[in-house]
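Engineer: According to TrEMBL:
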type: DOMAIN; residues: 74-127; note: domain 'Pre-mRNA processing factor 4 (PRP4)-like'
type: REPEAT; residues: 184-233; note: repeat 'WD'
type: REPEAT; residues: 234-275; note: repeat 'WD'
type: REPEAT; residues: 276-317; note: repeat 'WD'
type: REPEAT; residues: 318-359; note: repeat 'WD'
type: REPEAT; residues: 360-392; note: repeat 'WD'
type: REPEAT; residues: 403-437; note: repeat 'WD'
Amino acid sequence: MASSRASSTATKTKAPDDLVAPVVKKPHIYYGSLEEKEREREVFEIEEHISERQAEVLAEFERRKRARQINVSTDDSEVKACLRALGEPITLFGEGPAERRERAMKRLEEARLHKEIPETTRTSQMQELHKSLRSLNNFCSQIGDDRPISYCHFSPNSKMLATACWSGLCKLWSVPDCSLLHTLRGHNTNVGAIVFHPKSTVSLDQKDVNLASCAADGSVKLWSLDSDEPVADIEGHTVRVARVMWHPSGRFLGTTCYDRSWRLWDLEAQEEILHQEGHSMGVYDIAFHQDGSLAGTGGLDAFGRVWDLRTGRCIMFLEGHLKEIYGINFSPNGYHIATGSGDNTCKVWDLRQRRCVYTIPAHQNLVTGVKFEPIHGDFLLTGAYDNTAKIWTHPGWSPLKTLAGHEGKVMGLDISSDGQLIATCSYDRTFKLWMAE
């Protein structure tokens, strides 16, 4: 009895232990280091970039495959006749017969695709563009200096804006928040212009020459993005240099001067390769054709000139303005040129017809700048001393929008390379950014 009682007691004491749940070990959660996460993110971005690149290559391959199905003669004279019928230049700078035939096939393919789009669709697309332009509003206004701002220029990636000031300073601003990134010190007097290299912020290294500027004392300076001081000076001008502009290749730099000439500099060879005279007064503005074969200049003698860079000869004389020409620009279509003048008008010239095709009574005061939309040339932007900038349809040249808000003369303007932003700078010491709602 005693042993049975003891065993039952032992059973009773063990029972609570049997009911206790086993202890479960919590698994160790490993979060990894930030460095590893960053590496994974970089790998993902690289893979994404590669896939985008592959898609672009495949699209280009398909386009060329379709283009090869289009019958184009191998006779170069017939290819030129075809291009002329399409309203295209019969030859481009440095282009051979094979490249010309390829361009003709591409252009015919584009014309075929364009024809497949219904007229109603094209009309609605143009109406949407015009509606977007009419909704443009000033979303950023920034005091840029304590002296007037004479020039502004977007970087090729549209993420920076360069401004030139009468104080002698050039400044780089982030877009779209308009915060100051760099102050470039080197000029001692009024800066006339500052422009980005065509490949800057896209494929050019920050240590290379990314910008060029000019000033009233005849100085022309070259800048990198990693220094606030100039990396080089271009010597040769002794009087005021009004404007500076990069050739589309990025190798050459054009400068306009009050000594009645303009010059072209080869920055790789570090020498002057063209010194062009022809204007009877100072040369104010310069622009290059998108294929790099032509240069256009506007002078204080009220005349414009178009120059063939291969021969150095003037091939077209732009006569019609009553006062000085302060702005000139080529359209992306390759055959329209716009000029802005002290006679308050903007004239549109046709290279094919070799004449002025339209005169826009643009402003109430002298026109300081003209600029075509850089992708398709769908609109024209003008700025003037009446404190406004205006947008005009292309073609048609009817007014779409007046950008009012500056309290002083509009001295410079630009359109971003993606066509989404407009910048204006003024005598009131501010610059403004405009964007559709």
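Cβ coordinates are placed from backbone N, Cα and C, and glycine is handled just like the others.
Since we're looking at a predicted model, the values are computed, not measured.
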Engineer: Quickly jot the same-chain residues contacting the repeat 'WD' (403-437) by Cβ under 8 Å, restricted to those at least six beyond its ends, or write none.
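Structural biologist: Answer is 132-133, 135-154, 156-158, 161, 163-164, 173, 175-176, 178, 193, 365, 368-369, 371-375, 378, 381-391.
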Engineer: Which sequence-distant residues neighbour the repeat 'WD' (318-359)? Criterion: at least 6 residues beyond either end, Cβ under 8 Å.
Structural biologist: 87-89, 281, 284-291, 294, 296-306, 365-377, 380, 382-384, 392, 394, 397
Engineer: Who are the chain neighbours of the repeat 'WD' (360-392) in space, where the CB to CB distance is under 8 Å and they lie at least 6 residues beyond its ends?
Structural biologist: 126, 129, 133, 136, 323-324, 326-333, 336, 338-348, 398-404, 406-419, 422, 424, 426
Engineer: What does DSSP give as the helix, strand and coil breakdown of the repeat 'WD' (318-359)?
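Structural biologist: Residue counts for the repeat 'WD' (318-359) by secondary structure: 0 helix, 23 strand, 19 coil.
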Engineer: DSSP says what for the domain 'Pre-mRNA processing factor 4 (PRP4)-like' (74-127): how many helix, strand, coil residues?
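Structural biologist: Across the domain 'Pre-mRNA processing factor 4 (PRP4)-like' (74-127), the residues distribute as 39 helix, 0 strand, 15 coil.
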Engineer: Along the domain 'Pre-mRNA processing factor 4 (PRP4)-like' (74-127), what average pLDDT does this model show?
Structural biologist: 80
